[in-house]
Structures are given as structure tokens and as C-alpha cells.
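Chemist: Here's a structure for you.
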Amino acid sequence: MAAAAPKRRMGLEKIGLYDVGRAIGKGNFATVRIARHRIAKTKVAVKSIDVSKLDKENLIKLEREVKIVTMIDHPHIVKCYEIMRVDNMLYIVSEYCSTGELYATLMGKGRVTEDIARKWFTETAAAVSYLHNKGIVHRDLKTENILLGKDSKIKLIDFGFSNFQTPDQLLNTWCGSPPYAAPELLLGNSYDGMKADIWSMGVLLYILVTGGFPFGSESVNDLKRSVLSGVVKIPYWVSVECADFIRKMLVLNPTKRMTIQNVLAHRWMHIRNDVKKQVQNLESSIRPTPSKLNPTIMMFMQQHGKWTEEQIIDAVLGRNFESPIFATYELLADKVKIGSLEGTGEEYPRRGSRGSILSGRANVDEQPLTPTISAHQLAQLNLSSPDCDSDDSSNSDLCDESPLSSLEPNHKQFTLPRGLDLMGNRFENRRHTLCASEQLLSPNLMGQFPPPNLLLNNFTMSPLGFPPMPEGQAAEFPFPSLHPALGAFPTTDLSKMLPVPKSERRASAGETLLPTNFDLQQHLANLSANPVSFPTVEEEGRSYLAKYGGKRNTVHCLGNQIGGGVQNPIPRYQRTPYAKAPPAERRSSWASPSLSQQQQSHLEKIFKDALQTNNDISRLHKEFKNLSHGCAQSQITNEGSSLACPQISITDEYNRQHNIAPSASSFDPVSIFQKNAQEVVFGQRPATAIGFSSTSFSGMSTPEQTTRSMDDRVRSIVCTLPFAEVVEELKSSLNILKIPFAETQEMVYEPQVTEMRRLSLPSGVEIGVAVLPPEHKSHVEFAIINNDSPTSEILCDQLICRLRMIDPNWSSE
């Protein structure tokens, strides 16, 4: 193994003060590799980009990413340490998280509980709130861009698509991942980046609590149709508060979508913690630019980095990310922050006593001219941990190209390095407790130990530590100190030692509770040689009936013919006393399967007596006959077709699957273009266990009955273009949007015979185009059948805008 270490070290690429190893991620233009700082002995992630392969637009995005990562500092955002430019390569050195992506954790463990989801989502929301307050939008929030750091803390990464945005500004660049993209991005419209981040956060929370995506699809077109439908199906195990939270973030209309302040104030976020206080604590924990540097770190850097004090102060206070001095100081400061060493505020510790209060004299010892680093402080800076290694074993981790090292980074701290013996390396798991390599005992104490006896090297020792004796002669050394070979070694009198404890131990020693080998043999010897006999199924049944047969709800007796045995085994589902009873024998609580003739005649007599008397029962009987006769006659219309009965649905999912509205039987879309109806009243949607969701046909997003005027649901426009041209333009626009429709041709007879063309959309929009005979114009009406479909309103606005663009002489009705 000693010869293998230099070989591995030769495979490390040296970039600046870093030993760069294996790749842990790849993108379109960049590669991320794990590296190790040679002075701080800390693992970092190095993102390398070949600038020569980028065009002008991507170069602008890269410089914008560098500007953003160097101006943010948050506990739940991966920290940037250094920016290096070497020839045509740009290197971004950032914090390394060994646990891996949140996506890999969810793929391995599935959905998490709402408590864990609340913790992770709160930390993500705190990071997004920090970015939005600085005028930065991420635009690529997803599980792949969220890492888990120490103690499962969220770390947000990848600011390649980030941008600056003011409150009154809209963005136009399409970016991000389609499953997390907001509907305004899928439509290609200008969008608010902060509202797009809120939509991605809603998808993220849905994935955490359900383990799947809210909009399932096999292609981008299917995804677009699923998102624009506005239907979000939430499983039953999600709480009402969480379901309401998800629906308010996944609102199609961005103006009605939540802001980051609304997200932090939602009641689901405050179930088990105070989110506002937690966010304030996170913001207060952000380390500002120090006005005075830590003298211990500065001394350590001067000894190992050969930098002067002025160079260190200028680079750190100026936050020069392109200087290795700033990165070294930040890495060492993070290590000191983890430990107990913090800046004391004084350049050197005060020495001496405070003196006498009466005399007013203070006895202060003279301070040394040259400050020194104590062993404890040096141990803090040389601290070893899974992310901060100080030995050569970390090089094997940097060079290991095995798939396990890249796919399962969280298993490294539980396994031993390759090629090391288990017993010889048993204490390596506690390397973080080792301090600096200095002499732990003073020379005075070392001088008190006797020098080693050189004569021991000339003796052939036995396994027990004593020289072999001649055959037939026993060793007669009553005390170990009388042994001739143990001259100057200190010995211990075994008679003064504590007695060996018995096998009685504390309850925490679990192995003592188990029986010994002798106890097991004695127990097996006492067992009988005869096998244990168990009762058969028939014997169990008879015993059960003998004990509980007198009860009211049990079988009275067993039949004479009982199957079973070896030849005819009883099926598993029939091994119960109730299955053994013959059909004639029943429970006492069961009703009779048939009526006797005497019982039948008695019931008929009671029925006739009740109808002969003029009482309430007879009147109800007559009214029931009349109602049933009337319903039977009116059930068939003149055309011979039966009317469809209104179906009652109890869940939103049933309504969406079968396209059933609360008033589907009484609502006629054709009447919109033939009658001047003023109001349409939709019923109250039922409350479900999933929460008060907004569906395609339910009235509002809350269980309240609402009334909307027809003017809000029907929009009309008069075009001067010919009738056929308007119809073709509408059909062409729908085909471009990839929205299916059904076309029908009808005739309107009031006030005069005119032709009308109808386009029916599955989303609940009816488009009617009719001819106005006197002016030879086209009358277009858009009717929204759904009561709360923002998608339908947006679609109607787009089609009306299209008609206005091609017809400058349009007019409203």
C-alpha cells in the first residue's frame, strides 16, 4: 500500500492550490470535479468551463453567473470560494456536499413525511427569499439542483440560468426544465421570473410529499396540455393544508399566484415551527465581511502560504475571489467556525493578574514580541473530518473512478479504505479526535520512565512473554519482578488488582442476556424425545364450540359430515368454525331466507287494512302511484330519446375524468347563441379529504356557492371580414396552439335565417361564428362553460387579440 499512494497522487491534476480528482457531474458546457485544498485540507467542488467553446451569448451568461455567485452568501446556498482563469479555462471553486442530490435521495427512499418535507421546503424557501430580496431569480429550481449537506441541510446550486430582475420588469428567455416550468414559459410569453420560481417550488413540494410529478406526460406537448388544463390531482394521504398550499402555488394565472412572502406566511409552514423567526435567524447567521481578521488564521496562512500580513488583509477585506488568499482564509474560517475557536477580538491574549483593587496597581506580564499558535489552535486548523482530510487517504477518494464512489457518496464514511486490514484500522474512524503531531508529554515526565533493557533482544521469547524453560523444569518465579529478563521494566502486582467480575452485567450488555452454549445444551437435553402433538382443525373447532357455543352469534353445533384430514385437506379460507356448519344450521341473529305461507298471508292482510282506511299511508300510496306514472310517461321525449339523468359526483377526480358539471343535465351550450340568458348559477362543490381544489367545473376554489353573470362568461366581437375567413383564422390559431376542437354547422332562424359555425373545445369553450346579413359581417361569440378555468379566459383573450390584429375595423357588440 505504501507504493500505491504515490501512484494515485500522480493522477491528481494540480490547479492553483487544489489537487483535482475525479468528475462528479457533467453539464452541457461544464464539468464538476472534486478537489482538495492543499493548505486548508478541505474538499471542494471545482466547476471547469472551456471558454473557447462558448459563443457570445453564453459568455454573457457565464459572466453573469460569476457575478451572482460572488455576491451571495447564505447558509442554504452553496458557497463560492474562488474564481480562477487559466488560459481558456474558467474554474469556479465552491462548497462540496458529500451527501449528494435531493433527487438521488428521493429516488432511493421515495416520498418523505410532511415533517421532513416541511424542513427541506422551509430551507429552500429561505434561500429563494434571500435571492428575491436581492433582485435575483433562479429560474431552474428542481431536485437535481438541490444538494443535502451536513445534518441533511438544503444547499441550492447551479446559477447558470439565474438573472437579475426588477419588480416592474418581465423576462423573455425560455430556460429551465419542462416538468418544473411555469405555464407562461410553456406558452412562450413574457414572464415574471419570481412567479416562475414559485411555480417550480410548488412542483418541488408536490414531489416531496407524493414521490411523483403533478403533471404526468410522455412528451413536451402532452406536458403542455396537462399543465394548461389546470387539473392537479393530489393523493388522499396529503393533508388539507399541504394540498391547499400546493394548489395556491400551481395557479395558472401568474398575477393570482403566491409570492415568496405568501409562501413563508402560509399556515402549513407554521404547523411545527415559526418560519419567520427561522428565516430571520438564518439571515442573521450570515457572516458579514469582517473588519478585523482572525489572528490565528493569519498566522497559520503566513507560515504555510508565505503571504505577508498586508496581502492577507487586502485580499480578504476586498473580497477578491480571484485571489487564492481569500479562498484560503474563507476555507480556514469555515473550519474554525465549526470548532470552538472563534475570534476573541484581541490580537493577543492578556496575561497576568488584575492586581490589587486598593493599590490600583495591575500586575501584567510582558507580552511576547512574536505571537505563537497553540497546539489547540493548530489542531483546529488541521482538523480531520469526512470533508476535511489531512492524510493521504483522501487522494484515493479523489482518484477513485468506481461507480460506487460517484453514485453513493454518502456511504464513504461508513466503509474502510480499500486494502486496509480491519483490525489494524479499527481506530481510523475516530481520526477527527487526533490533534497536532507534537510531543504530548514533557521531557521531565519522559525522563522518569526507565530505559529499555537491551538484553531482551538476545532472549527468545515465548508467546506469553517469558523465555522457554528446559524440558522437565518448571518456571519458579513467584513474582514477575524476579524474572531475570525483566530487569528495569515496571511491573504490576496482580494480587492487588480488582477481582475478575462475574458474568452478571448491566442490562445494557445485551450479549450477556443470551444463553451460553452450555445452557443451550442442557435445555436441549431436558426436552422430551417425543414430538409435540398439536390439535387438528376439527379438534380446534369442537373445542371452540364447546366453549363459546352457548353465545347468540355463534354456530350451535357442528355437522356430522366434516371434511379435512390428510386425504381431503380443508381449504385455507374455510378453516373456521362457521364454514363447518351445514346450510340448515344458522346463526340465531340471521333472518330467515324465505317467508312461510302464514307469514305471507298475515302481511297481505295488514297491507289491505292499511289501504282501506283513509289515513296518511293510503294518501301517500296514491301520490306515489301518480308520481311514478307521470315519470314513466315523461321519461321519453317526442323524438324517442331518453333524457340523461344528472349524475352526482362526490370527488373532484370523478368530475375531471368523466367531464361532469354540477348542472350538466340542465345546461345547453346552444342556448347561449339563441337566448339572452342573464345569469348562470353553479352549485356548491363538495368538500373532499384532499382539500378545496379548483376544478374545471366547480365554482370557486373554496366551497362557497357563487353566481356569475353571463356578461363575464360570454365575450363577443364583430368583424368586418367574411364569414369563411374568420372561421379559417380561428381554426388555424387552434391548430397552431395544438388544441383539438369539434366543428359543427348550424342554422339560426331568429331573427332571420343565417348560417352559424360552432367550434367546441374540450377545455369547456364554445366558439360561435354567425353571419350578420345586412352588413355582411361576422359575429363571433366566445362562451366559457367552465366556471373557474383561467386557461379558458387566457385562450379567449388570445383568440380575440388575433382577430383584432387581422381586422383593424373590428367593433365590440
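In case you wondered, yes, glycine gets a Cβ from its N, Cα and C as well.
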Chemist: For the ATP site that Swiss-Prot assigns to I24, G25, K26, G27, N28, F29, A30, T31, V32, which of the candidates K14, K43, K47, K56 is also assigned?
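Modeler: Answer per Swiss-Prot: K47.
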Chemist: Long-range same-chain neighbours of D140 (active site, proton acceptor), Cβ under 8 Å, sequence gap at least 6?
Modeler: D158, G160, F161, S162, C175, G176, S177, Y180, S200
Chemist: Which whole-number mean pLDDT does the model give the domain 'Protein kinase' (18-269)?
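Modeler: In the predicted model, the domain 'Protein kinase' (18-269) has a mean pLDDT of 92.
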Chemist: Once the chains shown are all counted, how many other Cβ atoms turn up within 10 Å of the Cβ of K26 (ATP binding site)?
Modeler: 10
Chemist: Quick one: what's DSSP say for K26 (ATP binding site), helix, strand or coil?
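Modeler: DSSP call for K26 (ATP binding site): strand.
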Chemist: Work through the binding-site residues one by one (I24, N28) and point out the residue whose CB has the fewest other CB atoms within 10 angstroms.
Modeler: N28
